[in-house]
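As written in Swiss-Prot, here are the features:
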type    : residues                                                                                       : note
BINDING : Arg190, Gly191, Gly192, Arg193, Thr308, Ser520                                                 : CoA binding site
BINDING : Gly384, Glu385, Pro386, Asp408, Thr409, Trp410, Trp411, Gln412, Thr413, Asp497, Arg512, Arg523 : ATP binding site
BINDING : Val534, His536, Val539                                                                         : Mg(2+) binding site
MOD_RES : Lys606                                                                                         : N6-acetyllysine
Amino acid sequence: MSETKVYPVPETIQRDAHLNFEQYQEMYNRSIQDPEGFWSEQADKFLDWFSKWGTTCHWDLAKGDIRFFEGGTLNVAYNCVDRHLETRGDQTAIIWEGDEPDQDEHITYRDLYERVGRLANALKARGVKKGDRVCIYLPMVPEAAVAMLACARIGAVHSIVFGGFSPEALRDRIQDADAEVVITSDEGVRGGRSIPLKANTDKALEGCPNVKTVFVVRRTGGDIAWNDGRDVWFHEACAEASPDCPPEHMDAEDPLFILYTSGSTGKPKGVQHSTAGYLLGTAMTHKYIFDYQDGEVYWCTADVGWVTGHSYIVYGPLANGAKTLMFEGVPTYPDAGRFWQVVDKHEVSIFYTAPTAIRALMGQGDDHVKKTSRKSLRILGTVGEPINPEAWEWYYHTIGEDRCPIVDTWWQTETGSILIAPLPGAMDLKPGSATLPFFGVEPQLVDDKGNVLEGATNGNLVINRAWPSMMRTIYGDHERFFNTYLAAYPGKYFTGDGARRDEDGYYWITGRVDDVINVSGHRMGTAEVESALVLHDKVSEAAVVGYPHDVKGQGIYAYVTLMAGEEPSDELKQELVKLCIQEIGPIAKPDIIQFAPGLPKTRSGKIMRRILRKVASNELDSLGDTSTLADPTVVDTLIEDRANQ
């Protein structure tokens, strides 16, 4: 194996960083040895409480029981907005950068307080109360953050659906959460194109008779259909409401939000997060992992429709009184220099994006980068998937000009906040490694039988204890929560990822070990794509796997078996691609479709996905034993016809 490069902590960063390595070690050891004392101190330091909790932490992962700060009361919107008014009411809270370079807006903490209060009162006026679910289907506009915080203010549980999802996917999520209110927009704008969010919502609601109210944000002024009894203009409803809305006193363990994520089987799961533990996790990681210093501009390029946007555009930064940037556009519009132009325009200090964006921009060459100064940058970050060392090096040398540490952060929708990442002032960096665990996180590598592996080794990544921002359940299905995450290795949380630990104890994430593919940093369950493909009346069976993709990390490779008598064609391929987009969204579009007369199955009828993955990845010399297949000749045909030669 080639020698791993090590990049030491720059002296300029070390000088002012919140923590050095000794301080990290001391805090980490305490968080593992004395969780009660440690979490109690942090909860007091980072959050404001209405009343104190009884028990700091209680968990029994073998039973699926997780509780932190139970009995304590607080409010997330109060912590993200109200408590900053006295000291920084006139400071910018959110910088909004629109799709077009000449559109932007600065929203102060005082503005934010009023906007959140008005919407909170407008929701209450329409019958929304503590515990009710509100679905948010918005583009990257400030109203998305306002809607999240307004829900949190009154104790309603928000469920955000990414604006790129189809009407069918939106409908399923509204139905599963049993939401009675939807907040959407006339249209979204992205990369110079408009997205028909209101039309998608109308279509989705044909199957959701329970939805009583739809708030519509006016983003483009485009023509939309209107349902008089149900639809209300967001700006009109807010204008009629008072800006002052008393924050609901929430128990630490009350749900804050549900966010749907792809699983390896069946329909998406509604990951449910708590109030206090989640907010504490996002605030602490935002401060320490990004080494956030007061007054800096922090930019996470994610969409609020994903957990990264929840935790690191809205909740973490605002809990810390930060200036957070929200970007409506895409990295390549109007040209491939847009990210760096925005960095210069708003003097961004901390920049957090996905490896897939870095690889795409790297492919466009350095000219767009060189036209900008980027001198304000101090810390760079990556999220969503492991970053390959080549992309890491380009990010470090070309974007950061050798002066900005890169925090390669590993976490999941389910974990709520970052679990494994370097601290910029404390740890030497190895390109491609997620480095070391955050406070209170105890990673282990286990073999398939659950034996804990010591030292430098490869294995399945599990976490051996609960942490505050950990998901509490799958909405409406605690049994599925337990079976998915806690049953495989009793007493441990199973991440679904494989990892390697090196001789320095650094962790390297090697990718999913289940049937989930990571496309451009977003999870896509193979079962979801397969279900969409078999809806076509000419398709008898489909199997979907991931394969290495230069830009996206993983691409979607679909093997499709047709009904007897049906012929493969390019037209049929196009129809199948359209079907996936219609059922799920553009993110689920197969990159490669291979028509296969048969799939490799065991004698009991189970599809051998391992073989399909190897064929899709052209790893033909490591297919393993095919003798257990019902018909081993199927594999020869797959290899001969493979579309990825």
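Glycine residues also receive a Cβ, built from the backbone N, Cα and C atoms like all the rest.
Across the residues annotated as binding CoA (Arg190, Gly191, Gly192, Arg193, Thr308, Ser520), the two Cα atoms farthest apart lie 24 Å from each other. Excluding Val534, His536, Val539 themselves, the residues of that chain whose CB lies within 8 A of the CB mean position for the Mg(2+) site are, in sequence, Leu533, Leu535, Asp537, Lys538, Ser540, Glu541, Ala542, Val560, Leu576, Leu579.
The local packing around Gly192 (CoA binding site), expressed as other Cβ atoms within 10 Å of its Cβ over all shown chains, amounts to 11. Put simply, Val534 (Mg(2+) binding site) is 31 Å from Arg190 (CoA binding site) when counted between their Cα atoms. Neighbour list (Gly191 (CoA binding site), Cβ cut-off 8 Å, at least 6 residues apart, same chain): Asp99, Gly329, Val330, Thr332, Tyr333. According to its DSSP assignment, Thr308 (CoA binding site) is helical. Within 10 Å of Ser520 (CoA binding site), counting CA to CA, the binding-site residues Thr409, Arg512, His536, Val539 contribute nothing. Fewest other C-beta atoms within 10 angstroms, among the binding-site residues Thr308, Ser520, are seen around Ser520. If you compare Cα positions, Thr409 (ATP binding site) sits closest to Thr308 out of the binding-site residues Gly192, Arg193, Thr308, His536. When other Cβ atoms within 10 Å of the Cβ of Thr409 (ATP binding site) are tallied across all protein chains shown, the result is 25. When other Cβ atoms within 10 Å of the Cβ of Val539 (Mg(2+) binding site) are tallied across all protein chains shown, the result is 22. In the three-state DSSP classification, Arg190 (CoA binding site) falls within a strand. Between Gly384 (ATP binding site) and Thr308 (CoA binding site), the C-alpha separation comes to 8 Å. Across the residues annotated as binding ATP (Gly384, Glu385, Pro386, Asp408, Thr409, Trp410, Trp411, Gln412, Thr413, Asp497, Arg512, Arg523), the widest Cα-Cα separation comes to 18 Å. Note: the Cα of His536 (Mg(2+) binding site) and the Cα of Arg512 (ATP binding site) are spaced 29 Å from each other.
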